[in-house]
Amino acid sequence: MKIGQQLFRTIWPVTDAALPGHYQVAIIDQTALPHAWRILTLNSVQQMVDAIRKMQVRGAPLIGAAAAYGLALASQQSSTDETLQAAASSLLASRPTAVNLRWAVERMMRELLAMPEALRCAHAWLEASRIADEDVRINQSIAQHGLALLQALAAEKPGCLNILTHCNAGWLATVDWGTALAPIYAAFDAGMDIHVWVDETRPRNQGASLTAWELQQHGVPYKVICDNAGGHLMQHGQVDCVIVGADRVSRVGDVCNKIGTYLKALAAADNQVPFYVAVPTPTIDRQLEDAIRDIPIEERPADEVHMMAGLTSAGTVEYVRVTPEGSAAANPAFDVTPARLVTSIITEHGCYAPKDLHDMLQRIDPI
Ligand code: MRU
């Protein structure tokens with residue numbers, strides 16, 4: 001994406017000035033946005049694990065690419081089976097819900113363990129970059145398939161098309177372009193009259209902080225709404241469709257995404273508002289039997305519920321407490337929207353009703 005005059009991805013390798021022939025990995029620190037633009041350089045797999053855990057990098061496709069680069073960093077230290085397996089285990093334990101992380105680690109490990117140790121490091125950097133490049137191409141394709149859906153909706157309804165989104169599934173959540181926001185960028189760039197309702201997405205406020213920032217950078221009209229406003233707006237005809245991303249989708253089309261997505265899907269169904277989910281195929285977990293029973297839902301620290309961060313008039317970011325001292329809090333980070341509430345799943349191969357997803361998966365080779 002273009003920030004100022006420069007094009008950025010969310011993650012990229014850089015040559016290590018101190019160690020010729022070695023690389024570091026640069027990331028945009030998403031915990032600093034929207035108030036500060038900070039690029040971090042990571043030197044080890046442990047630093048990558050910490051960045052994923054702290055959500056300096058986040059979003060299902062991006063943590064997949066980050067895990068791949070994490071293994072490349074590990075292989076630079078040592079490429080033995082033991083080192084790579086230990087690195088893979090700590091990456092897998094960093095965040096449990098988004099299946100892209102497991103997908104990327106398994107893909108990297110399959111390739112690396114099959115080759116002689118001396119070749120592994122160079123191949124790890126190559127394969128991690130391939131995963132990143134593929135993500136960009138996939139999202140460009142999702143943009144075009146999603147654009148066709150939006151154009152079809154706009155053809156039935158003159159005037160501005162109002163789209164609601166939850167969390168952040170934009171370019172910051174991927175290597176570039178985004179999933180749910182990719183069709184929105186494509187529609188805006190094609191000159192369509194659109195407006196986006198941005199759910200704030202407590203407790204981490206990815207909508208208020210990241211989606212709002214992204215849309216503002218791109219010039220897309222939007223309004224931030226509190227998480228509870230969507231149902232009311234739908235009842236009053238102010239939402240023409242919902243588009244969200246996903247962290248894991250079952251082959252029958254059940255969708256695990258940021259906590260609160262399920263409630264939006266229920267409200268959308270009750271108001272006959274189309275509910276679209278933009279999903280790169282690495283987000284589809286072909287092994288999954290029962291999404292509600294089997295997807296590990298990350299439980300994040302209670303302090304994310306107790307505390308809110310904000311910019312002070314002095315320009316510093318501070319945390320304030322919003323619950324009484326001594327309150328308990330629970331913080332499940334994701335929920336599952338059953339396939340019956342999903343209108344269409346937008347993939348890089350086209351748009352599918354959940355019931356047709358399985359057939360599509362039979363026809364394509366897993367990447
Ligand atoms: O906890 P996060 O911020 O990593 O959660 C992100 C989401 O839930 C996104 O909607 C999902 O990963 C899809 S991103 C293209």
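Placed from the backbone N, Cα and C atoms, the Cβ positions cover glycine too.
Pulled from TrEMBL, these are the features on record:
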ACT_SITE  Asp247  active site, proton donor
BINDING   Arg58, Gly59, Ala60, Arg95, Gln206, Asn257, Lys258  substrate binding site
SITE      Cys167  site 'Transition state stabilizer'
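Structure coloured by features recorded in TrEMBL.
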residue	record	DSSP class
Arg58	substrate binding site	coil
Arg95	substrate binding site	coil
Cys167	site 'Transition state stabilizer'	coil
Gln206	substrate binding site	helix
Asp247	active site, proton donor	coil
Asn257	substrate binding site	strand
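Residue annotation for substrate gives Arg58, Gly59, Ala60, Arg95, Gln206, Asn257, Lys258. The furthest Cα pair among them is separated by 17 Å. Note: the substrate site is recorded as Arg58, Gly59, Ala60, Arg95, Gln206, Asn257, Lys258; in the same chain, Ile63, Ala98, Cys167, Asn168, Ala169, Ala173, Gly245, Asp247, Phe334 also have Cβ atoms within 8 Å of that site's Cβ centroid. Only Lys258, from the recorded positions Arg58, Ala60, Asp247, Lys258, place their Cα within 10 Å of the Cα belonging to Cys167 (site 'Transition state stabilizer'). Each residue contributes its Cα atom, and for Arg58 (substrate binding site) and Asp247 (active site, proton donor) those atoms are 11 Å apart. Close to Arg95 (substrate binding site) in the fold, though at least 6 residues off in sequence, lie Ile52, Arg53, Ile63, Leu101, Glu298, each with a CB less than 8 Å from its CB. In this structure, the CA atom of Gly59 (substrate binding site) is 8 Å away from the CA atom of Asp247 (active site, proton donor). The Cβ of Asp247 (active site, proton donor) lies under 8 Å from the Cβ of Ala60, Thr97, Ala98, Val99, Asn100, Cys256, Asn257, Lys258, Thr283, Phe334, each of these being in the same chain and 6 or more residues away along the sequence. A 10 Å cutoff on Cβ-Cβ distances gives Arg58 (substrate binding site) a total of 24 other Cβ atoms nearby, all chains included.
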